[in-house]
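Student: So Swiss-Prot lists these for the protein:
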BINDING   GLY34, GLY35, HIS36, ASP54, PHE85, ASP99, GLN106  S-adenosyl-L-methionine binding site
Amino acid sequence: METSEHIPVLLAEAVAALEIAPNGRYLDATFGRGGHSSEILAQLGESGQLYALDRDQQAAAVAAQITDPRFHFARCAFSEMETAFAALGAESLDGILFDLGVSSPQLDDPSRGFSFAKEGPLDMRMDNEQNLTAQKWLKNVDEDTLTTVIRDYGGEPHTVAKRIAKAILAAKNDLKSTLDLASVVAQARPKKLYKPHLHPATQTFQAIRIAVNDEIGEIQRALRAATMMLKSGGILVVISFHGLEDATVKRFVRSMEGEPLPAEIPATNTTNIHQVLRLVPPVIKPSSAEIAQNPRSRSAKLRKAVKL
């Protein structure tokens, strides 16, 4: 299977957490370049089945090269998994894997507009056919909304987020590329907040990307769908890469366990779902060896839950 240049994070740990049964039915909800799917297929028996999905056009092109009859792919957002796989009989699964966030091929391709370090269009779409780009979003967003997005999705202090938002909107008609945006953010962000080896536009780019792709809403809807599709005893494995993703996963699983939410995790309507998941500790993080090989893995966290 062609996996491109993408290095799957926590590969062995994620597949081990799924506890692959040779004749089981599994879903790789974030196919990417097929790294996790390849390992799952290697562990499945002849009658095992692997379903996979991704909304990225290039990921779909990689999936189209796979001729293994046990493999089934649909191009869609992972929140649409129930509809996509109902016709294939994938409504009762032994395990589902999510590898959240943006992939290395997406980050490294300047034409996708995710990188603050390379010249590219203000795009940031995970689905190339989605109408809304980062440039369109920035042209229409108001200052309060942009401030909230940079604060909540980027983790910037409110006063800093507001300062960055003002600067972006003041320059929005002149923003033609990722480097234009990165420059505006870098100039607006207070120098005292600069961190070694971290570009000053990192958090703002993350925030805008999350907003353009509705990533948090997608995760919430996808976790609901995944819980419905798992059979009793089925395993949910989620790899997250930043605090907001991880908090969203924790909030969902805690609501499904029926436990009180900690103060730092605000309640949402996920608390109305029946308690059907059990969290399986511990949280798994990359080894020092993996981080050395793939520095982008350093913030990854793997959480596992079992459907009761």
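Keep in mind that glycine also has a Cβ here, set from the backbone N, Cα and C atoms.
For each listed feature, how buried is it and what is near it?
Tutor: Cβ environment of GLN106 (S-adenosyl-L-methionine binding site): ASP56, ARG112, PHE114, MET126 lie under 8 Å away, each six or more residues apart in the same chain.
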Student: Out of GLY34, GLY35, which of the binding-site residues has the smallest number of neighbouring Cβ atoms within 10 Å?
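Tutor: Output over binding-site residues GLY34, GLY35: least Cβ neighbours within 10 Å is GLY35.
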Student: May I ask you to report the DSSP-based helix, strand or coil state of ASP99 (S-adenosyl-L-methionine binding site)?
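Tutor: Reduced to three states, the DSSP call for ASP99 (S-adenosyl-L-methionine binding site) is strand.
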Student: What is the one among the binding-site residues ASP54, ASP99 whose Cβ has the most other Cβ atoms less than or equal to 10 Å away?
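Tutor: Checking each of ASP54, ASP99, the winner is ASP54.
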